[in-house]
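Enquirer: Here's a structure for you.
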Amino acid sequence: MHGVNLDQIGRRDPHHYGGVTFDQLEQRITEFARELDLQARFFQSNHEGEFVERMHRLPGMVDAILINAGAWTHYSWAIRDALEFTGLPAVEIHLSDVMKREPWRHVSVFEGLCLETISGRGPDGYRDALVRIKEELA
Ligand code: DQA
């Protein structure tokens, strides 16, 4: 689940997000999943309500959630509630190292809800997240 502004990563600050485009990121995640015998499905939105409504439909559709909610991570209690509502195992992920950035990025509404938070490992972090999910589902 890719949140707000994630669709623009190839055009955002490469210092934080690297040079990878959104399409390339999804390709990498698809490959990581295949290597682990998992199947990835994707959703991205810049509209919070749309994102929440997709979350409502996830139970029964997927086994686990990998969520990079972008800036919503830091303030959207609605998205936290929606994630909790799914009851699904989830890993929170960020391309950049949010703890080494501005203080407002150190706060996550998902605290205590996810199996793990992976931050600052770029696209490879998604592989680590999938490994964690695979362990959980085993
Ligand atoms: C991000 C980090 C957030 O603080 C930021 O608002 C983003 C991307 C990341 O992947 O590093 O949009 O989630």
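Keep in mind that glycine also has a Cβ here, set from the backbone N, Cα and C atoms.
According to TrEMBL, the record shows the following:
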ACT_SITE  Y17  active site, proton acceptor
ACT_SITE  H94  active site, proton donor
BINDING   N68, H74, D81, L95, S96, R105  substrate binding site
SITE      R12  site 'Transition state stabilizer'
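Looking at the shown structure, what environment does each listed feature sit in?
Expert: The 10 Å shell around the Cβ of Y17 (active site, proton acceptor) contains 20 further Cβ atoms across the protein chains shown.
Around H94 (active site, proton donor), the same-chain residues at least 6 positions away in sequence with a Cβ under 8 Å from its Cβ are N68, T73, T117, I118, S119, G120, G125.
Counting every protein chain shown, the Cβ of N68 (substrate binding site) has 24 other Cβ atoms within 10 Å.
A C-beta separation below 8 Å, combined with a sequence spacing of at least six in one chain, links R12 (site 'Transition state stabilizer') to N5.
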Enquirer: Please list, in sequence order, those recorded positions from R12, N68, H94, S96 with the Cβ less than 6 Å from ligand 1.
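Expert: The qualifying recorded positions are N68, H94, S96.
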Enquirer: Mind giving me a neighbour count for H74 (substrate binding site)? Other Cβ atoms within 10 Å of its Cβ, every protein chain shown.
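Expert: Its Cβ has 16 other Cβ atoms within 10 Å.
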